[in-house]
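According to TrEMBL, the protein has these features:
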TRANSMEM  B:12-35  transmembrane segment
DOMAIN    B:18-217  domain 'Cytochrome b561'
TRANSMEM  B:55-77  transmembrane segment
TRANSMEM  B:89-107  transmembrane segment
TRANSMEM  B:119-146  transmembrane segment
TRANSMEM  B:158-176  transmembrane segment
TRANSMEM  B:196-218  transmembrane segment
Number of protein chains: 2
Amino acid sequence: MAKGGSSYRISATPVTIFVHLLAISIATLSLVWLIKFREGFAFNSRIKAKIFNLHPLLMILGFLLFSGEAIVVYKAIPANRKAQKTVHLILHFIALAAGILGVYAVFKFHNEVHLPNMYTLHSWIGLSTISLFGLQWLLGFFTFFYPRAESTTRANMAPWHAFFGIVLFFMTIVTAETGLTQKFIFQGLLRSQEALMINFTGLLILLFGIFVGLSVILPRRNY
Amino acid sequence: MAKGGSSYRISATPVTIFVHLLAISIATLSLVWLIKFREGFAFNSRIKAKIFNLHPLLMILGFLLFSGEAIVVYKAIPANRKAQKTVHLILHFIALAAGILGVYAVFKFHNEVHLPNMYTLHSWIGLSTISLFGLQWLLGFFTFFYPRAESTTRANMAPWHAFFGIVLFFMTIVTAETGLTQKFIFQGLLRSQEALMINFTGLLILLFGIFVGLSVILPRRNY
């Protein structure tokens, strides 16, 4: 995907810096939202909303932000290819682990308050995303990391790995936006401080997606 | 964006055919949903839901599907560059006109039933998308169509035009998915035939987005 980058006359560096700033903003905004406007977090509690809150926490701060940071690693870290690959792999592994725990949290919440599972578009796209993400991670691990495929196979697989990675990241953004939309309406929000918190979180997540995408097509710096 | 296409060893042709099939499916599914499960359409009616229904109709069949078809034109139509550009421009103009009418319809509905406007994430992302879409259309028209910029300017602008176009299309998909999610919850749906109609429309729209994106990066056929 980076090949077309020569047509763009700016480097990816300022874009990756902006991605980090957006990540910090999204993390801050959603923590303030969940702690100050909602009930905070707990894995076991009589206040069931605390169990639910683990879901957006783990999905946004864990799955979404770590996925994005894993994608920009190739443009953001001044290191050799092997080091970049290792960080890419580790960040995606943290994302996957947080994502699985985040899915578990919302199932636990639904079961404890006797709500049905898996009836919304958000849940359908979300579960597809994380399942395919797990598959992509395993395929990537065995092809590019250990034991590694032959170099021609790797060269053929690399653009598809990048394309499916971007698709999964795009699906992650869609899942986050539909999730925030659902939460907004289930809470019966209209115009309020909390409504603004949720909407701005959604806007920043959209920008995060756009700038991660831009970092992919811009040329990397020469080290 | 198409430069990296040489790394992918398949042509865009089967992908653009699949995009057309998805467009037909999405149009059919959303028409059946809005006519059979909802109340159909009217611009003026005492059944206000008929006015609302114009919004998803114009946004999905008009804005979203025409935008996608306009993007794949360069890979789907065996014609010279000038003809492709003209069709690209016209399809995007139809999308823009349908989109503006679709936004008007939902404002008209809200005003007639005394609901507030512009408080949801869906509305924020949606209005941003269509406004920037109008701007991008005008910039594209003057730069690439008439009076046209100098060839070096056009060469510098082209990748940015493509990037912002993909970003706006991505924002259109996000808007559609959040819109379907909202409608689902406002209708109080759980597990029902209508719920499945809405969720499958959402899944097909997601696939449409992914395959339009894939058509962009795959190499065009040689004519």
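Glycine is no exception: its Cβ is also placed from the backbone N, Cα and C atoms.
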Subject >> Segment-segment contact (the transmembrane segment (B:196-218); the transmembrane segment (B:55-77)) at 3 or more Cβ pairs under 8 Å >> reply: yes
Original post:
Is the transmembrane segment (B:12-35) packed against any residues at least 6 beyond its ends, judged by a Cβ distance under 8 Å, and which are they?
Top reply: 5, 41, 53, 56-57, 60-61, 64-65, 68-69, 72, 75-76, 194, 197-198, 200-201, 204-205, 207-208, 211-212, 214-215, 218-221
Original post:
Quick one: do the transmembrane segment (B:158-176) and the transmembrane segment (B:89-107) have at least 3 Cβ pairs under 8 Å, skipping pairs fewer than 6 apart in sequence?
Top reply: no
